[in-house]
Amino acid sequence: MKDIKILAIETSCDETSAAIVVNGREVLSNIIASQIDIHTKFGGVVPEVASRMHIEVISAVVQEALDKAELKLTDIDAVGVTYGPGLVGALLVGMQYAKSLAYSIGKPLIGVNHIEGHICANFIEHKDLKPPFVCLVVSGGHSFIVYMKAFGEFEVIGQTRDDAAGEAYDKVARAIGLGYPGGPKIDKLSKEGNADAIKFPRANFHDDTLDFSFSGLKSAVLNYLNKAEMTGQQINRADVAASFQKALVDVLVDNVIKTCKMKEVDKIAIAGGVASNSTLRATLIKEGQKHGIKILFPAPVLCTDNAAMIGSAAYFEYVNGRTADLTLNAVPNLKLGER
Ligand code: KG4
Ligand code: ZN
């Protein structure tokens, strides 16, 4: 069978990225222009600024992806693009660019769900991985436990009822003065702290659900900090970071292992920015060993937003005949499995 080369574009948040991916698994190039330095000044992503930055760099990023792969536009078989969920203005920049490219080379356009892209990062890292498996998707905007039954078939088993895992990391990091993005900073600082120093709550729902919640945990950290300030008590930031992280990771790991038992699956893949967290990885591996479950994760560069993962997801849509036309629109709150 002929190799399928997909040019993929991702602009759903604050990374402008373009990649060339062959047959959904082999990455020829994956160019990522991060806007993090600009948004750091504001303590988080400013949507309008993100859209403008995407416009400024997208042409150069796409060209670099082609150059690095040593391909011309005419060598491409299809153009894949994230059409949701994400920031509407940011999504539109990538989509307009992708539509124009697909039209100009007369090749199909494929709309990709960003969350599906995060999951598919695992197909790049693990060349033989096939569904069924359970995937824990934990990023700045989303937290889901997903059962991937077959290629392109997803069942959401649990999700956050409020804050996403990455959002909780970012908010707690800001409260203890670590800055944005908080996840990697808490990850690092926690190594110097005692994770059992402070007992932060784990949300339990009494309705047989595998949903989870992090806003109570975040509030508990904020209350702890306020109380310490009012009473003049010195806080140990590393202990706060490590204890917060343990509470969050415990809930995720518990629920994802329960999902595997329920679905009788022996593989967990993790995805999204928080999937590069060292405590989450170590805890999952330890619990996985106890329960005979294999834990798979992508390299950190494939965990955070990137176009290679979109190129992988686009390939599986393409082989299932799911291409889009030029009326494809951005869907900021696109759900997983929705088309
Ligand atoms: O997947 P991603 O790049 O963007 C979204 O689609 O949201 O995830 C970004 C999130 C941020 O909240 C960041 O703080 C978090 O991932 N993150 C981490 C780590 N690296 C990134 N959280 C915990 N530990 C890390 N090592
Ligand atoms: Zn993402």
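Each residue, glycine too, has its Cβ placed from N, Cα and C.
The shown structure was predicted, so the numbers you read here are calculated from the model rather than taken from an experiment.
Substrate is bound by V137, V138, S139, G140, G141, D170, G183, D187 in TrEMBL, and the record lists one more residue there from N236, N255, N277, which is N277. Record check, TrEMBL: Fe cation site residues include H114, H118, and the candidate from D305, D325 also listed there is D305. Highlighted in sequence order, E10, S12, C13, T82, I115, G117, S139, G272, N306, M309, I310 have their Cβ within 8 Å of the centre of the Cβ atoms of H114, H118, D305, the residues recorded for Fe cation, and are not part of that set. For the recorded site, H114 (Fe cation binding site), the DSSP three-state label reads helix. In the vicinity of ligand 1, defined as a Cβ distance under 6 Å, the following of the binding-site residues V137, S139, G183, N277, D305 are placed: S139, G183, N277, D305. Note on the binding-site residues G141, G183: the fewest other CB atoms within 10 A surround the CB of G141. Between the CA atoms of H118 (Fe cation binding site) and V137 (substrate binding site) there is a gap of 7 Å, rounded to the nearest whole number.
Confidence annotation: the domain 'Gcp-like' (26-311) carries a mean pLDDT of 95 in the model. Rounded to the nearest whole angstrom, the C-alpha distance between V137 (substrate binding site) and H114 (Fe cation binding site) is 11.
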